Amino acid sequence: ACHVRGSVRTVDLQQVQNQTRHKTDGLSSSTLVLRRGQVKIPIKLMTLWGKLIVFYSQNPIFVLCSDTYSSLLTTGPIAVEVPVSRFGQPSLTQWTAVLERSVPNPTGPRALSVTLSSPATASIGVYTLQLRVEARLSVKTHLLGQFTLLCNPWCEVFLQSEDLRTEYVKSDIGLLFKGSPGNIVSRPWSFDQYEKGILDICMKLLQVSPQYQADMGKDLLNRSNPVYIGRVISAMVNSNDDKGVLMGNWSGDYSGGVNPSQWSGSADILRKWAATQFRPVKYGQCWVFAAVMCTVMRALGIPTRVITNFSSAHDTNGNMVIEEYYNEMGEKLSFSRDSIWNFHVWVESWMKRPDLSRGYDGWQVLDPTPQERSEGMFRCGPAAVKAVYEQKVDAQYDVPFVYAEVNADVRVMIVRDRTVLSTSVDKRRVGALISTKRPGSMSMQDIRNQFVQQAVFVSHFSLQMFKAEGTAVSLQLLKAPVVGENISFNVIITNNEAAQKLLKKHVNAQNKEYNRNPTGTFWEAHDDVKIGPKETVTIKHEISFKEYMLKETAEDSLVNLAVVIEDVKSQERVLASEEFIIRSPSLDIQVSVIINAPQVATVSFTNPFNVAVSGELSVSGSGLLEEKAQMRCVTGFPKHFPFSQITLPLNAHQWWIQCVRLVGMLKQTSALFVFIRECILTSSTLLFNPFLPPYVSLVENKLF
């Protein structure tokens, strides 16, 4: 033991310097946040000569003494001896503590500078730091506080591009894509990982998991592996098997909770989950599950992006084939458990895959939406995108399910009394478009070529182009449908034979949810068509607003449109179908940015209906508003619905700090989210991204 004549006076964990060095500034103002595998975690101590012990409650214990230098690293029941050296070097492969400097002071306490470093494979989590000074007759223990250790995408094993790290780890705003391939809706989302308390909640999520509750020591050890972390988070974001964050609801009845379309950011959801002692938040659908998981993974330091797969197959029996049934009138039937979702949203995280053979590092699909069980729990992945591309369906985890989502065949059957009259196979519809937000831009990036080989594109296209039939039919939307306007489309029929034909045409339109088969028919048209030899005819149809308007619709209404053409003589039947959304109108936002003054936003919305409507306006801003602001709006006249000016409860200094943080660190400005909900339109969104030249110029001059 070492002898002392005093105790610890002051300790400086150098939070500001360390968090800047570790690129964690903004994640917490009260707790030191560090990234693993990064050297130089300096700590300054003012103490008299004696024995100094640094404790970590979950993982390591370092022992530092004037005469002897030894240490102990513990994780749950595991203990490993680790040397502590006066003259050693920090390490990326093991925990080390190096005494950088010891400055004696004859009249006061000795000043010590200690540098800690963690290996790149250290377990992430919350660590409690203590100092114990041992004298001849007494022992004094000092609680220094806590630090949180995160994954480190700046390690060599991670992303090489700084722009990609900025986008997929540091950025707290994004776009989610919904709708259909021909009518895509971009929806803004605030990931909120910098909001107060969010990092703590993300760490709590790991502690609430069944894995931690069942075996704390094993769970803490496994937290060194992003693959393990991803599987835990994938299960914990939904509440099907555990005390997860979100309860899914696709019924259309959201009483007792929140319509999934009304969420605009992750902070409200995570805070509500934590505040209710980990009871599931009501309600979520695929894009909400994915966005919340993106928040958690980015907060933990794992590069993550949100992916939308348009025309996403849900294959329940694993045969890679989706079966669809229509009757002779063009009505889609609910005979199959398989389905094609208009879109499905998941996340991809960038990580190494030491559990697979070489070549499968990189982007991994993780899906928290509860669809099918994986090893007994509702979760999916990580499935290596490269394994999906190479059709390596034996690679873990859940590659066959993901492969079917993006590449299943669709077998379409026309039936009468469950007797099949006609069959065709569509090899192009599933995975028609796979998209994500383009790094550094508020636009969409198509990444389908990362999932499906080019040869598959060509072969599928060729099979469709050269398939010989006596009659061919297709559907053509004349413009992207918008609520309040008529739906205009063409039915194009081609007679491939050298003889005149008499045909029966049946057109059917049905409402549907994005993840299920259609419900009832709301419009149909049936007539006869005479067509000459080798002739092509185009028949225009319109569905009026009155015919498709319902008392209540989803945020973006979905329609399944189908046409069946029957050759009266040969009894040949051919079918074409199209699924599309009826988009809600967008909002227009004008914001004046004035230094040292409250910010004023003017929001306007044009009522597309011929009746007056009223609604509620919701405004939220990451880092700008503590809570979402909501206000009732006066009744709007037909074809016109202007809102008065809205003064945000935010002073100029707060706005300025947010802009400095985002422009200086993320190269983009704040996101202002505005929603309107009223009796016919559930919600409509628009992202405000104020890249006004005078404003950006002013900020850049201030920063640089």
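Here the Cβ of each residue, glycine as well, is placed from N, Cα and C on the backbone.
Automated prediction, rather than curation, is the source of TrEMBL annotations.
For the recorded site, CYS286 (active site), the DSSP three-state label reads helix. The active site feature in TrEMBL is assigned to CYS286 (among others).
Per TrEMBL, the feature active site maps to HIS344 (among others). Long-range C-beta contacts of HIS344 (active site), restricted to its own chain and to partners at least six residues apart, with a cutoff below 8 Å, comprise CYS286, THR308, ASN309, SER312, HIS314, THR369, GLU405, ASN515.
Feature annotation from TrEMBL assigns active site to ASP367 (among others). The C-beta environment of ASP367 (active site), restricted to residues of the same chain at least 6 apart in sequence and closer than 8 Å, consists of SER234, PHE289, ALA290, TRP346, VAL347, ARG379, CYS380, GLY381, VAL402.
Look at TrEMBL and you will find 278-370 tagged as domain 'Transglutaminase-like'. With helix defined as DSSP H, G or I and strand as E or B, the domain 'Transglutaminase-like' (278-370) counts 14 helix, 41 strand, 38 coil.
Every protein chain shown contributes to the tally, and the Cβ of CYS286 (active site) ends up with 27 other Cβ atoms within 10 Å. When pLDDT values are averaged over the domain 'Transglutaminase-like' (278-370), the model yields 94.
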